[in-house]
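Okay, so here's the structure we're looking at.
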């Protein structure tokens, strides 16, 4: 994709801040997510009411996905072009990526629809699919925490191209294309899930382990002890365990009742946990063993699976999701401001700050 990005970067004015490109891309996919949610809140529109989501929405989704992909690919180039590279820009880019990763996936689920008895994907498959994608993202930054190098395989580019193609296909042919067997009775969604699991288990994760092992042999690891090296994985894995316990043991089957709300909460919680790992990796500091999100989440999960919440489980999920989202946004704003003050630069402008 580099030839395309090299041409696009030439039309970007030099006065535009790189962070503005990054943030604009994120806002586009966020707006697209809420637009799709408006037409398809419970992931059933494509299965039970194929015409409920207008054609222009799918085409707009392809456009916004490509724009976000392009902006995310050229922001670093633009920073070097304007000589404005900074730790703030790096954190801003990776931090928004950690949130955007889940939003891309949650938007795509509306294309294939949830299981309606004949076609579609079950909400549990959606949860597993999302977890695998987030696991791959986590592995990349866990690797950088240990090696100091962020190795990005082609998986990211392939996923973006597939997303854009899926939206264009849906907009031109219709959602019915996802409800017809492709080969040997398997649907397109089945093939995508198989490919995702295959790439993750046999390419992405082994590559991460290999890169860390190679750094160990070269004695370039940033962390000598096994404990320090594995520490960033504790909170993400505990987060996954708690969420999975809630999904499996929920008396009201919370994932089936509120799939969009629950999966959104999963993405936001994961993003906040990984953001702290990214900061520790950038500042060469030790991450906390237990992220503070885990404690209120554990209380909510216990209250839910023990039956204490009863009929208010959905309401508690809504409140908890709102609080987690607000806390994540607050955290991002505070860290951005602190870095801006510390580095004496503006977040969204290349103008020089007056030294106080």
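Placed from the backbone N, Cα and C atoms, the Cβ positions cover glycine too.
Noted in TrEMBL for the protein shown:
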- 12-35: transmembrane segment (TRANSMEM)
- 55-71: transmembrane segment (TRANSMEM)
- 121-139: transmembrane segment (TRANSMEM)
- 182-205: transmembrane segment (TRANSMEM)
- 226-249: transmembrane segment (TRANSMEM)
- 261-279: transmembrane segment (TRANSMEM)
- 291-309: transmembrane segment (TRANSMEM)
- 315-333: transmembrane segment (TRANSMEM)
Checklist entry - Can at least 3 Cβ pairs under 8 A be found between the transmembrane segment (226-249) and the transmembrane segment (315-333), with each pair 6 or more apart in sequence? => result no
Item to check | Considering the transmembrane segment (261-279), which listed stretch of 55-71, 291-309, 315-333 counts the most C-beta pairs under 8 Å | outcome: 315-333
Item to check | Tertiary contacts of the transmembrane segment (291-309), as residues 6+ beyond its ends and Cβ separation under 8 Å | outcome: 235, 238-239, 242-243, 245-246, 249-251, 254, 269, 272-273, 276, 316, 320, 324, 327
Next on the checklist: If we skip the immediate neighbours and take only residues 6+ beyond the ends of the transmembrane segment (315-333), which ones have a Cβ under 8 Å from one of its Cβ atoms?
Outcome noted: 95, 99, 254, 258, 261-262, 264-265, 268-269, 271-272, 275, 293, 296-297, 300, 303-304, 309
